[in-house]
């Protein structure tokens, strides 16, 4: 396999590049390859010469040139005899290092990596007994973006389902008062806002990433609820009013709460899009969400508002809600076929008794269900204890999950399934987790290496690690020669330089030390590096993260200036900040909004109830997502932040209607709040869940996390809106005391002026009646 890889050729005009042309070179101008390759070559040579005394030790072995090499990250699944001698190994890891010194070299290296993967897969077909998992520097990026490609047909299915259900949710048997076009136009409003945001991001040079898949669902939850709430407000207006008056009533009733929730979204995602967020993917996601939500608000005010006016005129003119054709009177319809009468069923105002006028829209299935059945059932005295018991069970399971929350740092959580990244990381964790990754220990200042106290400091800092360093090897080399390590500076550096140039055991460390000549030909060590390996399980992310934090703190307080680095630390930092930074931003935005809304809401009790509801929902979502095997990573934290907004979107209108209600009992106002806002919540919830379902089938861990988090947010919020709040509000503050009217002359209520006109004359009699 190694031979096949080194023979790979990248064809360019006039020249074919091989591994030898683009590899990183030693001082002797040969390619740097893994030490395990040299071990295998020596093992092969020993077998060909019938030598049986060649042994490999683990995790450090010795080559015939006297070098000590670390093979802990190159041999996996190792079984050892006594004295760390290797009996067998289940896996071998080979790493090839390429240069990227200019654009041409970078292009050739990228092409080489692509051919490398094809070569390994071809080699796998002819050697089926051995499993091979190629992985390159671009594999993670390709597999991360692959989520978008594998999601396309599922998103189209999701869109088709949402369109169908949005139309059905706005339809009713009455062909005049049915509003199927508004369901479609509401979804179109959300789509236009999302596309506008995507266009602006592209035009301004923004970078696309797979986390953008969550933006349509953010918009779906917020935008559709706003349009359904406007349609619900339309149903409450009087049909004998002019369209302008009905539209004004709709905007007065629904746009205040929609404006406040939109402002909350903008603040929350605005802070996420600010420099406070140090994760580029999260920052771009929040920026895109901000733009989409802003334009959605403008489009709802303009485009959807105009559509509502247009359908209002159609309704007032008794035209068919779909075909816009004038609906004939009932006596004309009697002469038509049954199918024709069914399509043009409508209720005319002159055929409606005055007492029934307010029930014109009750033929809508959801309105009828909530008003006739659900409101009475959920506030029933015998149902309440079961709801409270169910809530206690909910809290118990949420607490059980909350106590098991873990931070995610597995690369496989952000890529599509059945990819090279998944296969490689699975094998990596299975076979190569006995030791931590190799950690680079870089000393970036000129220190007194010849001073014994400095030597002790350096060795103390690296105590407890397996050291693969020129420093320790050189000190041992001096001791073997019976030379004190505390030499004068000139003697120490001269011997060091000569050793690196001549002694074969130091050839491997030729890139690990930088010499500098001064004006008097005195040699100085400008910088150096060594490699450390900790005896820790790589699968235990907490241990690895603790190791990173320990070394980082040590680098800030030590006498010797050094830095530590390993590529896996990038992901450890990423996930540490992906949890901390978004949570910090959400707390800032929550405090700001609580302060801001305190001056806008009519009653501070609304804020109290809203805060408790959001806390209950978030607590439940975190607990249940942990039980559902979802870790706390960048995607899940962004979903939790969205969950705060989603909960306020749905619960705020219910709570404000209940809290601000006067004169009637709690139960009466709970029923009233559900009748007024429940239909819009139920419609948006059904569309949202139907849109999420296809996402569960996408073969990607990123979309799996997205689906599970968003599904739990929607389900738990729905549970609070339709079960927990309606029950708890019936026996907890605020109280609703009926005001008794005092029957005395001081309390008189004036009724409006009644004009009576004598039909035989033009005389007008004004009467004012007092009670």
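Every residue, even glycine, has its Cβ placed from backbone N, Cα and C.
Summarising model confidence by region, the domain 'SSD' (151-310) averages a pLDDT of 88. Under the heading domain 'SSD', TrEMBL lists 151-310.
What TrEMBL lists as transmembrane segment is 154-174 (among others). If one looks beyond the transmembrane segment (154-174) by at least 6 residues along the same chain, the residues whose Cβ comes under 8 Å of a Cβ in the stretch are 180-184, 186-187, 213, 216, 220, 224, 228, 231, 345-347, 360-361, 363-366, 683, 686-687, 690-695, 697-698.
Look at TrEMBL and you will find 180-201 (among others) tagged as transmembrane segment.
The annotation transmembrane segment is assigned in TrEMBL to 208-228 (among others). A Cβ distance under 8 Å defines the sequence-distant neighbours of the transmembrane segment (208-228), meaning residues of its chain 6+ beyond its ends; these are 144-145, 147-148, 151, 155, 162, 166, 169-170, 182, 185-187, 189-190, 193-194, 197-198, 201-202, 254, 258, 261-262, 265, 281-282, 284-285, 288-289, 292-293, 296, 300, 304, 414, 634-635, 638-639, 642, 645-646, 649-650, 679-681, 683-684, 687-688, 691-692, 695, 700, 702-703, 706, 710, 714.
According to TrEMBL, the feature transmembrane segment maps to 248-269 (among others).
Under the heading transmembrane segment, TrEMBL lists 382-403 (among others).
Annotated transmembrane segment per TrEMBL: 582-602 (among others), in sequence order.
The transmembrane segment feature in TrEMBL is assigned to 608-628 (among others).
Under the heading transmembrane segment, TrEMBL lists 676-698 (among others). Only residues 6 or more beyond the boundaries of the transmembrane segment (676-698), in the same chain, are considered here, and those with a CB under 8 A from a CB of the stretch are 147, 150-151, 154-155, 157-159, 161-162, 165-166, 169-170, 187, 217, 220-221, 224-225, 228-229, 231-232, 235-236, 364, 366-367, 370, 374-375, 650, 653-654, 657, 704, 706-707, 710-711, 714-715, 718, 721-722.
For 710-732 (among others), the entry in TrEMBL reads transmembrane segment.
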**Item:** Top partner of the transmembrane segment (382-403) among 180-201, 248-269, 710-732 - counted as Cβ pairs under 8 Å
**Value:** 710-732
**Asked** If you count Cβ pairs under 8 Å, which stretch among 180-201, 248-269, 710-732 touches the transmembrane segment (608-628) the most?
**Response** 710-732
